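Undergrad: Below are the features I grabbed from TrEMBL:
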| type | residues | note |
| --- | --- | --- |
| DISULFID | C56-C61 | disulfide bond |
| BINDING | R152, T154, W165, S218, H221, R253 | FAD binding site |
| ACT_SITE | C360 | active site, nucleophile |
| DISULFID | C360-C363 | disulfide bond |
| ACT_SITE | C363 | active site |
Amino acid sequence: LTGVLDDCLCDIESIDDFNTFKIFPKIQKLQERDYFRYYKVNLKRPCPFWADDGHCSIKDCHVEPCPESKVPVGIKAGSSNKYSKAANNSKELEDCEQANKLGAVNSTLSNQSKEAFIDWARYDDSQDHFCELDDERSPDAQYVDLLLNPERYTGYKGPSAWRVWNSIYEENCFKPRSVYRPLNPLAPSRGGVFSYLSPFSSCTGLCLEKRVFYKLISGLHASINLHLCANYLLEETWGKPRWGPNVKEFTRRFDPIETKGEGPRRLKNLYFLYLIELRALSKVAPYFERSVVDLYTGNGHEDAESKALLLDIFRDTKSFRMHFDEKSMFAGDKKGAKSLKEEFRLHFKNISRIMDCVGCDKCRLWGKLQTQGLGTALKILFSEKEIQNLPENSPSKGFQLTRQEIVALVNAFGR
């Protein structure tokens, strides 16, 4: 890819250089820190739109939790603060780690991690939250170590995977006038996750806001597909999987000839998604620059280092001069702009609910996390005045981010 992105005064080469040499090394380090590696998620929520009809085609795609008598699955809302040390001897931990194959979510946590979560929750509860997600308080919500559960190819494909993305594009995405989408969920698949979908060919005829929405969803789709191609199950011999880049699969999804010209547009939308989330990080910097905000884990030294690294990333984001300018969005008459903004919000909220229809837990985990991360970015971009008016030394009722939103934002951008 080369050249300028639509709806931005930005060229791809500048983004590549900025990301490769400034942002990526730092964001990678940040994702490895305790505050950002643990994400609380409910993988048991039923699909609200249709009967749960599809699961990963590989048996290890579902979660293989350790028996509660050995190692608790996660930290549950309102659960006791007492944990048995005897429940976590090394042999049992070793057995549990064997469950981390393909799509199985490794929900193993050490005693130290579990005790830290109790402190984090207590600290979070003392903050003035902007909003509270029911999902976090659910007895089925569990902490997942993202480093033990990388996003990669799991074998989840076919009509169930197609239905998820088709529903996202058809029912929740502002559609362009010209539509080219050869869809056949019953056709023999050539392999791969979400392999049937071919997004719309252009955004002609859409206002800026609707173009932005469509391109964000397309970019998210491209991001997920790229990670599956980059971390693909190449072979499995004697129960030992070998993961690596699958160039053939990448070509099938993104090559101009293979995709009838769609591939490069999908990748451009990924760059657009990057710019939107980059813009959100630069806008939310004042929130974190206040002394009242800590990345609290209970380890003062590590917390200080994590915040210093995050603030360093914010400085880099501000140094990039070719952001997407969100001020041009929703800038029409107040009534029309308010209505469009609400429509925008409801469409996105619906997409986050569709992620509960993904039949593979590993895919569902990363789908939910990246959707929440993008939702947090949009929340930031629509709250500029509230962020500018934050009090320096006290929590604000006007704008607040939960730990979940912060973790999702950083990891989604990291993806």
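Placed from the backbone N, Cα and C atoms, the Cβ positions cover glycine too.
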Undergrad: Pick out which of the binding-site residues R152, H221, R253 has the most other Cβ atoms within 10 Å of its own Cβ.
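TA: The most densely surrounded of these binding-site residues is R253.
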Undergrad: Which of the listed binding-site residues (T154, S218) has the least company, meaning the fewest other Cβ atoms within 10 Å of its Cβ?
TA: T154
Undergrad: Ranking the recorded positions C360, C363 by other Cβ atoms within 10 Å, which is at the bottom?
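TA: Relative to the other recorded positions in C360, C363, C363 has the fewest Cβ atoms within 10 Å.
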Undergrad: Rounded to the nearest Å, what's the C-alpha distance separating W165 (FAD binding site) and C363 (disulfide bond)? Just drop the number here, would you?
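TA: The Cα atom of W165 (FAD binding site) is 12 Å away from the Cα atom of C363 (disulfide bond).
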Undergrad: Would you kindly give the Cα-Cα distance separating C360 (active site, nucleophile) and S218 (FAD binding site), rounded to the nearest Å?
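TA: Cα of S218 (FAD binding site) to Cα of C360 (active site, nucleophile) measures 20 Å after rounding.
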Undergrad: Of the binding-site residues listed here (R152, H221, R253), which is spatially closest to C363 (disulfide bond) when Cα positions are compared?
TA: R152
Undergrad: Round to a whole number and give the Cα-to-Cα distance in Å for the pair C360 (active site, nucleophile) and T154 (FAD binding site).
TA: 8
Undergrad: For W165 (FAD binding site), list the number of other Cβ atoms lying within 10 Å of its Cβ atom.
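TA: There are 21 such Cβ atoms around W165 (FAD binding site).
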